[in-house]
């Protein structure tokens with residue numbers, strides 16, 4: 001029987017899946033746990049490397065939860081690497097939202113998938129404001145979700161990026177972004193799944209005669225006789241005001257000022273402690289609650305890939321999902337998909353930005369031109385009004401009052 005993990009892609013590109021998404025036999029299922037989940041659409045976005053190959057699942061409604069999952073033939077990663085890989089494009093300049101996937105057991109009720117549904121692995125970028133820009137790697141162990149203790153920075157630009165998680169049967173892992181390693185380590189070191197191997201011996205106590213003081217006071221050092229001086233003294237230059245009334249104001253006292261002779265608290269000089277034994281180290285013993293588990297990496301009946309997330313600003317595109325046991329194959333798959341379109345995508349985005357910049361510059365020039373012409377027109381009108389006033393002929397009879405017969409009053 002063909003091992004399902006050896007299939008080139010247990011989940012192929014999202015574009016191929018969404019062709020089936022419109023049919024009754026689609027492996028993609030939208031959760032009905034809530035009635036107001038955000039809607040998905042098939043899109044390559046506003047810029048892309050290939051209009052068809054870059055089509056993926058895109059969130060389309062702001063401030064919504066999203067819940068979509070795909071079922072595939074279940075398998076176990078026992079004794080083999082497990083590779084989870086997909087692409088994410090936050091072309092909307094995401095401010096707060098998830099870009100991660102979850103791997104579930106095959107018994108998940110897809111129609112009821114929600115945030116509390118138990119999963120095996122959660123992996124991918126999460127961005128919220130300036131403080132949260134990280135790659136989640138959360139592992140479920142014995143029913144408890146364990147966050148990785150390392151801070152892995154995610155990409156926060158608007159281009160498509162390839163995210164890869166490799167889980168090895170020796171319980172090591174590797175996180176790659178754009179086919180380049182960004183973090184690695186082991187389950188034992190980077191997650192608190194197991195109790196500590198060693199604990200402090202509860203029976204051990206520091207001996208009463210253990211001296212861990214590196215230095216001590218010099219017993220031969222004594223305080224000088226003239227050391228003690230007050231911190232503040234009355235201002236010798238202060239004088240009682242002439243209008244000071246002791247009956248009304250009480251006894252006059254000069255204000256206090258810092259004493260230049262004050263030396264602070266005296267402390268004896270320090271010398272090496274001849275009885276110093278060093279810092280006492282609490283002895284450790286094997287933790288009776290610790291049991292090595294060589295199967296922390298193993299998951300049985302892996303069968304569902306889910307997108308269960310929240311986004312304030314929608315527009316994220318997910319694509320190129322791949323689950324395999326072949327690390328090299330995942331790398332090649334990334335090169336064949338994301339690797340071929342990343343360059344053209346960036347070129348198209350740059351061209352759009354250049355065009356938008358030029359349009360803004362043209363609009364600004366046009367606006368400045370209109371403002372300048374408007375100012376010139378106003379200046380011209382003002383000049384014509386002044387010129388018209390200067391061209392008017394003076395009235396010789398101006399200021400002479402006439403009577404009702406039209407004769408000047410001074411002639412009457």
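In case you wondered, yes, glycine gets a Cβ from its N, Cα and C as well.
Note that TrEMBL annotation is computational and uncurated.
Feature annotation from TrEMBL assigns disulfide bond to 96-128. Per TrEMBL, the feature alpha-D-glucoside binding site maps to 100, 102, 119, 126, 308. If you look up TrEMBL, you'll see 202-213, 220-242, 333-371 marked as compositional bias 'Basic and acidic residues'. Summarising the annotation, TrEMBL assigns region 'Disordered' to 202-247, 333-412. Taken from TrEMBL, the feature compositional bias 'Acidic residues' covers 372-403.
Location within the structure of each feature annotated in TrEMBL.
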residue: 96; record: disulfide bond; Cβ contacts under 8 Å, 6 or more apart: 127, 128, 129, 311, 312, 313
residue: 100; record: alpha-D-glucoside binding site; Cβ contacts under 8 Å, 6 or more apart: 122, 123, 124, 125, 126, 136, 309
residue: 102; record: alpha-D-glucoside binding site; Cβ contacts under 8 Å, 6 or more apart: 119, 120, 121, 122, 123, 305, 306, 307, 308
Candidates 126, 308: member of the binding-site residues with the richest Cβ shell (10 Å): 308
Remote residues contacting the compositional bias 'Basic and acidic residues' (202-213) - C-beta distance under 8 A, at least 6 residues beyond either end: 273, 275-280, 282-283
Structural state census, the compositional bias 'Basic and acidic residues' (220-242) (DSSP three-state): 0 helix, 3 strand, 20 coil
Secondary structure content, the compositional bias 'Basic and acidic residues' (333-371) (per DSSP, counts of residues): 38 helix, 0 strand, 1 coil
Densest Cβ neighbourhood among 119, 128 (recorded positions), 10 Å radius: 119
Residues within 8 Å of the 100, 102, 119, 126, 308 Cβ centre (excluding the alpha-D-glucoside site residues themselves): 98, 101, 122, 123, 124, 136, 138, 306, 307, 309
Farthest-apart CA atoms of 100, 102, 119, 126, 308, residues recorded for alpha-D-glucoside, distance in Å: 17
